[in-house]
Amino acid sequence: MDALAITLQYVFTGVAIGSIYAMVGLGFNIIYNCTGIINFAQGEFVMLGGMFMVTLTTVWKLPVGIAFPIAVLLVVLVGIGFERIAIHPLKNPSVLVLIMITIAGSILIKGLAMFAWGKEARYLPHFSGETPINIMGATILPQTLWVLASLLTVVVGLAYFFNRTLIGKAMRACAHNPDAARLVGISVKQMVTLSFGLSSGIGAIAGVVITPIILMDYQRGAMLALKGFGAAILGGLGSAPGAVLAGLLIGILESLGAGYISSHYKDAIALIVLLGVLFVRPGGLLGSADVQRLKKF
Amino acid sequence: MLKVQNLKSYYGRLQALRGISLHVGKGEIVTLIGANGAGKSTILNTVAGLVSQNEGKILLEGKDIRGLAPERIVRHGVALVPEGRQLFAPMTVVDNLELGAYVRHKNGSKIEIRQDMEMVFDLFPVLKERRKQLAGTLSGGEQQMLAIARALMSRPRLLLLDEPSMGLAPKISEEIFRTIVRLKKQEVTILLVEQNARMALEVAGRGYVIETGQVVVQGPSADLLRNHEVERAYLGKTYEKVWE
Ligand SMILES: Nc1ncnc2c1ncn2[C@@H]1O[C@H](COP(=O)(O)OP(=O)(O)OP(=O)(O)O)[C@@H](O)[C@H]1O
Ligand SMILES: [Mg+2]
């Protein structure tokens, strides 16, 4: 392989994992916009998506086309259930309390997952085989195309939801001005529940499509969440296009760093870029400084 | 229509309303005037459900709505145009109006909502020209019109207006007030808070003067316009002129 092909290879690998960071970042943003909090259980939704998929396809022997939506639905139920039980009943909780609750939720889900699926990494067959596709001397796995297609579907779906549907617009209204939203009859609590459902679903999709490539264990969610959080911050907290751009960027940089420098430093490289950008643009790549001042972080 | 009895509202330990009683009859325009910090906005916000700590009674056609959440109260036909407009700035004019009709969407009343949108465009033609523009980029006057239009989209029986002329040029204020008069003809009941007491008393049938969370004077607008105390404190005339 020539240098160009090698670079391209690293980029492909980076885009795959970067798409996951992007989806996790989108999930963070949806809840953040609605509630002003970072949901530390976001990574666990990703993990659960992968784990449910493993069980549904290997134990229940369901075909991918059926297992995929079921796995996502199950995680959405977990997300909504978590919100309903732990967050919904609270009256005027502070941001700090909410964050503690999501941390507790994360630990709890991790623990339950360890009981259910054990400590070992779980394997999931690739959805469309493992025959690499050749592109300009580099190769790309069919599973990577699944990952990219998922990201695309999520992005287009969210754009439609937030710009074209009444409920989507109501969620945006709620994020922008909760009091005004209530005055037109929008229930903020309903929107918060919905935001948890939505972001757990997106997390689950990410978890389902990435598990064949990276395997999944009960702790995997945490690292993905950390990178996804990086994507959300780097892109500008609350900005959806920012999260996608930054997620892909972090994924690609990580992969290039691992390839050209050393895989020991790949996490550090992403982090240095993150800090570097935030030093120059505290609001993130696509976040406006104006909005940033009003937010709670 | 609306009957408020001995209403007391609190912000934490601060008591903002000290037993307010007032009423607004069907089809009436009633105005609340008073200095900054008197508690006018607090009255409207409490009626709309935004101020949760309160005591007393808020009867809407005999039914006590006090203590309900704002998203419930708007379903009872009460719409508040809040101080400072509170538009959904990053969304278009049409989106703002659509959300104004949020409580009605569930009944599958898409055509009716379209018609109402035409109705508010008729009331404020400039909004029709700006329909695709983001609310945050409208001029102050246009924003106020949109805020009123958004409230009207819920088809309120009672409209609460908090300082609709705030920060607007006299000409635009007059336009807003002309609309208020037009709304009265369409049988919308209005409770109006205003800094511009003279203009408010000219469109309103009755008024209440609020000072430090209490009603200090009340009566028909004509009487209030002639009341020396009111004239001195709120209508901007000098002492000497009153005594001439
Ligand atoms: N959110 C709040 N938290 C605490 N105190 C408040 C709050 N809103 C109003 N107050 C206080 O309540 C009192 C009444 O305020 P309110 O806004 O009702 O006055 P207002 O008559 O509408 O004044 P203005 O003409 O300036 O709008 C004031 O002393 C004010 O400082
Ligand atoms: Mg006020």
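Note: Cβ is positioned from N, Cα and C throughout, glycine not excepted.
TrEMBL does not curate its annotations; it predicts them automatically.
Note that this is a predicted model, so its numbers are computed, not measured.
The transmembrane segment annotation in TrEMBL covers A:6-31 (among others). Sequence-distant contacts of the transmembrane segment (A:6-31) (same chain, six or more residues past either end, CB-CB distance under 8 Å): 37-39, 42-43, 45-46, 135-141, 143-144, 147-148, 150-151, 154-155, 158, 195-196, 198-200, 202-203, 205-206, 209-210, 213-214, 224-225, 227-232, 235, 237-240, 243-256, 258-260.
Residues annotated as transmembrane segment in TrEMBL: A:43-60 (among others).
The transmembrane segment annotation in TrEMBL covers A:66-83 (among others).
Residues or ranges marked as transmembrane segment by TrEMBL: A:95-117 (among others).
What TrEMBL lists as transmembrane segment is A:144-162 (among others). If one looks beyond the transmembrane segment (A:144-162) by at least 6 residues along the same chain, the residues whose Cβ comes under 8 Å of a Cβ in the stretch are 12, 15-16, 19-20, 22-23, 26, 127-128, 133, 168-169, 171-172, 198, 202, 205-206, 208-210, 213, 240, 244.
According to TrEMBL, the feature transmembrane segment maps to A:192-216 (among others).
Annotation comment: TrEMBL describes A:228-256 (among others) as transmembrane segment.
The transmembrane segment annotation in TrEMBL covers A:268-289 (among others). Long-range contacts of the transmembrane segment (A:268-289) within its own chain (CB-CB distance under 8 A, at least 6 residues past either end) are made by residues 227, 230, 233-239, 241-242, 245-246, 249-250, 253-254, 257, 261.
Between the transmembrane segment (A:66-83) and the stretches A:43-60, A:95-117, A:192-216, the greatest number of Cβ pairs separated by less than 8 Å involves A:192-216. Among residues of the same chain six or more beyond the transmembrane segment (A:192-216), those with a C-beta under 8 A of the stretch's C-beta atoms are 16-17, 19-20, 23-24, 26-28, 30-31, 33-35, 39, 42-43, 45-54, 68, 71-72, 74-76, 78-80, 82-84, 87-88, 121-127, 141, 143-144, 146-147, 150, 153-154, 158, 161, 167, 171, 224.
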